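One structure is given below, encoded as structure tokens.
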Amino acid sequence: AFLNTSVNQRSISDEAELSAVCFRPQGLDLLVQQTRFSKKELQVLYRGFKNECPSGIVDEETFKRIYSQFFPQGDSSMYAHFLFEAFDTHNNGSVSFEDFAVSLSILLRGSITDKLHWAFNLYDLNKDGCITKEEMTDIMFSIYDMMGRCTYPSLKVNAPKEHVDSFFQKMDSNSDGVVTIEEFLDTCQKDENIMRSMHMFDDVI
């Protein structure tokens with residue numbers, strides 16, 4: 001009897017475990033509604049998430065550590081910081097599985113507009129509803145740092161700034177010094193390279 005009880009206790013369903021992490025009794029079913037993932041896909045994602053983050057939430061340092069493993073040739077800490085803030089939808093200094101699943105669903109399965117809205121939020125560092133050239137420059141330098149200068153020896157040190165100057169000028173259609181979501185969507189949807197990159201991760205999972 002003790003063995004049976006022990007086995008039963010250990011075989012708690014993924015759904016019950018996930019519900020506890022999401023702090024909602026209907027956790028998994030709710031996430032199926034909020035994302036474009038099936039219940040089975042969410043269970044697989046959750047196992048991987050829980051394996052890396054047994055506490056059920058990720059703080060910024062853990063996020064940076066995990067992210068650095070993908071880009072050992074450069075310094076990914078600043079880009080990971082910006083990415084963490086985009087995933088931290090409740091702005092509470094941590095990313096729950098719910099936060100992670102919702103953002104991942106947008107990036108992998110969302111419409112072009114959904115993905116562009118998510119990207120705009122990433123670039124809008126102070127979350128005031130518009131992107132400045134300084135914000136775009138900070139993001140661009142963080143991407144170049146992450147990729148590592150040794151990867152692109154032919155690039156000049158000021159290449160990120162030149163890239164931003166050109167792109168920002170194209171985006172800021174009314175030349176008021178900031179890019180609104182409307183300007184961002186309009187420019188990106190007219191740019192074939194951006195549109196191709198938006199489809200890059202479609203249906204990976």
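For all residues, glycine too, the Cβ spot is worked out from N, Cα and C.
No curator has checked TrEMBL annotations; they are predicted automatically.
What TrEMBL annotates here:
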type: DOMAIN; residues: 75-110; note: domain 'EF-hand'
type: DOMAIN; residues: 111-146; note: domain 'EF-hand'
type: DOMAIN; residues: 159-194; note: domain 'EF-hand'
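The list of residues near the domain 'EF-hand' (159-194) in space but at least 6 beyond its ends in sequence, with Cβ under 8 angstroms from a Cβ of it, reads 112-113, 116-117, 119-120, 123, 129-133, 136-137, 140-141, 143-144. Each residue of the domain 'EF-hand' (159-194) gets a DSSP state, and the totals for helix, strand and coil are 26 helix, 3 strand, 7 coil. Note on the domain 'EF-hand' (75-110): DSSP counts are 24 helix, 2 strand, 10 coil.
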